[in-house]
Amino acid sequence: MQDVNGAPPEVKGDAVAALEEQLAVSRLVMEHAADAVFLLSESGETVYANPAAEAMFGWSKAELYGRKLHELVHDRHPDGRPYPMEDCPLGRVFFSGQSLRSHEDVFFHKGGSPVFVECSNAPVLRDGRVEGGVLIVRDISDAHRAQQALAESEARFRSMADSAPVMMWVTDADGQCTYLNRTWYEYTGQAPGEGEGLGWTNAIHPDDRDIARNAFLESNAERREYRVDFRLRRADGAYRWTLDAAAPRFGPDGAYLGYVGSVIDIDDRREAAARLALNEERLRLALDHAEIGQWDVDAATSAIFWSPRVSAMFGVAPDLPVTLDIFYEGVHPDDRAKTRAAFEAAADPTRRLLYDVEYRTVGRDDGMVRWVAAKGRGLFDEDGRCVRVIGTAIDITARKAAQAALAESQARYQTLFESIESGFCVVEVDLHAPGGRVDYRVMEANPAFHRQTGFPEAILGRWLREAAPGLEEKWFEIYGRVARTGVPERFEQSAETLGRWFDVYAFRVGDAAAGRVAILFNDISARRNAEERLRQLNENLESQVADRTADRDRIWRLTTDVILVARLDGIVTAVNPAWTRLFGWREDELIGRCFLDLVHPDDLPATRTAAGRLAEGTTLYRFENRYRAKDGSHHWISWTAVPFEGLVHAVGRDVTVEKAAAAELEAAQEALRQAQKMEAMGQLTGGVAHDFNNLLTPIVGGLDMLQRKALGGEREQRLIAGAMQSAERAKTLVQRLLAFARRQPLQASAVDVGALVAGMADLVASTSGPQIRVAVETADAMPPAKADANQLEMALLNLGVNARDAMPDGGTLRITADCEAVAPGHRTALAPGRYIRLSVADTGIGMDEATCKRAVEPFFSTKGVGKGTGLGLSMAHGLASQLGGALTIDSRPGLGTNVTLWLPVSADGSAADAAAKPPSSAADPASPPAAATTGTALLVDDEDLVRMSTADMLAELGYAVVEAASAEDAFRLLEDGLAPDLLVTDHLMPGINGTDLARSVRAERPQTQVLVISGYAENDGIDVDLPRLTKPFRKAELAEKLAELSEG
């Protein structure tokens, strides 16, 4: 029979009876327990299992009872190895009588799958003997799987973090760092594990350590995001700015677990941001000076920020919030469509066009209509979305009005000028031409002028004595008289060289000093010829015929013009002797030959077309083409050809000289335009450089004082040193501007270019990089060049950098120096003589002809944005020109570039002497030379900040300083009895300049030392014997100059 548990009586002994007695009380509890409960006999067979045990392992009670539980659920290890009962920790209850608490293990389901469990067992003892045991099992498979997944996730995180390019870290809830990735340790150089806890703060700059640690601990305490910038020590010992940011993490139950964060290097970004802020300020100042407004559209909100200058263009208050809708409301209705289309094109990611539009505005408050010229571009994010559109605007109302008035006036004048049948021209009269004679040239002419005179358009701008050497003297006398007296004259006069008669009215126009005379005339040759013919009819007709025939024959034989008679198919039937004189062809070599055989190949198409027009009966005037002479040369011929009775009668004049002269004139005019443009830009940049030097002088002086007095701590000194470095770079930029403007102060002397190049070779090689081979070739026994060694070194280094940048994939940079004699007509247009030729050649990408022509223009650069100032070549060109030399560029795309500096040979010293004179260097700021330490210094400068800075320097050098804001103030001080030992004065000042002041003081007080300081470096007006110091300067440089004065 079976008991209530279904166990057969044969498996029950006394122990089972005892167990059943104990179970009677708790059976109800075990039947409903969530954990599996087993009762085992002293031999390990199952005598009881609750429903949870059946569900957990898949065995029914009938299958469990009477069988050893170990053999059913725990007979093997997870890897399949057998698990003997005596090795099982659960067997201790049977073999040693020991209890087991919270033991984790792996049991097996009936189906073979593992079941992760936490179990406890206890022996059932009677009289100290084990009679059975109780086993309680809890299924922890879900928790085990979660823990395993967590471990795998953490392993993946650490693997990913160690491979990440940024520094990453993890902390616990107490704020202690438990993990830092490999990138952290590689960047900081800390030993593995050294950064855990709060050890990571040891790598932070001492000045930033407390700030970063306190910010972290406060964020950790408040469970909020953490973000702070600090300087972090790199493995090489350098400190760089970094951004440390982290977010709190929480568990599924909401418990705070700590931070996961990252650290990134933002040192370059901070430096770029500082440079950007400086450039934006410079841009703002430049735009304000140029009366240019700025605007900025937020593409997401359509909000517009614009400067007060732009708001004035729309007639609205500067503080009024503006959107695109308000902007378009302010645009004239007729211009809204094009303005909107231009803006949409600029903001369209697929087009990204330049926003370049002119439109009218209607003032919102004042109702005024204004013209505005606006330009701008869209800014796009990495996904291609337009985020902003920024640009500039200029009020062009006045310019538009002036253009409209000018266009209307010009249109009326041009219509009248071109439509009248009378010839009209304006000439410029020179009353003092060479030889004391009058000459004039045509400045303007209408079409009728050329028709009636036969002069080609090339006559414009040329002096008539040269262009028309046979023109009668009476024409020069009449126009000279009109220009001199201003009295108009009307007359009929023949121009025998033109074979025409003219009815002329001449009157002076414009200012008398300009010598301009307007001439209105008509060709009356037909009337005069008719009158002459009528007169000649009264004479002997036969005599006239004979004379005419003789004249024709003489003209045929003697004229310098070539005369041709040919059939309509081009076959020559007659030529005059001028063909032989001009081209070398004999008459028999031309008769029967097609004249097209002698035409230049480039002119054949136009000549064939002209021949076709003659065949159609059209007369040709001033048709020009080139004919080949017997010696192979070509001559330009201007033809007049008439078809008559199946033949072509043509007269041609050799205009080769006129063509060449016209080409030379055009080249000279182009050169003049270029020179005028470069001079204008030079004056502009020179003026800008002067203002920059005045701005830099107090900055450099103040920073120099802070450095010398070592004010502040190490951090402040680094900031001061950085500011001084920026000021020195600005000073270098000013020097480049002055070099381009040809106004830098040069210390020209005899320079051994070969020695200079040899000394610069290593520097050029180190700046060029390992991919570029630097070769240096200098001729032996070269004479010294006239040059400024410091400026020449800078120019050579700039040319080397340009050559390097032209060879991104490597190549050869070759520096050569030799001497060459320049003859007249040389490509450089230099005066004849000996020149040192210094060349820098590369094997890089080269330039096309158009780029070469613009290469020396200031601010023109072939490099990308931010990679060059565009001043290197213009500086070198300005240096060479200022020294009396030249710069030439030879380049072809894909073959490289050769830039050559031509420097005049010095008349002073030999190459050995030049080599013995090292370039002068700036004074050592740490040890300024001794200067006078007593006496009174009169300091004159109209710039308050410059005067204040210089006064401090002089005072530190031991002088009692008296200041004056102008030369006039200085004269008053001198008149009041001031007797200075030293005069330090600016050169360019309103009113009396510093040079005139210095001359006066020297004349009246010869014992007073004088020093002229200048920020413009312009030599005009400054005596060469006046000591000079160029702004900006440090105290050491001022002291050195004053020491020179004392020694002199």
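Every residue, even glycine, has its Cβ placed from backbone N, Cα and C.
All TrEMBL annotations are machine predictions without curation.
Coiled coil is the annotation TrEMBL gives to one range among 188-215, 524-551, 608-635, and that range is 524-551. Listed in sequence order, V940, D941, D942, E943, V946, G994, V1012, I1013, S1014, G1015 are the same-chain residues six or more apart from D986 (4-aspartylphosphate) with CB atoms under 8 A from its CB.
Taken residue by residue, the domain 'PAS' (153-224) breaks down under DSSP into 40 helix, 11 strand, 21 coil. According to DSSP, D986 (4-aspartylphosphate) is assigned to a strand segment.
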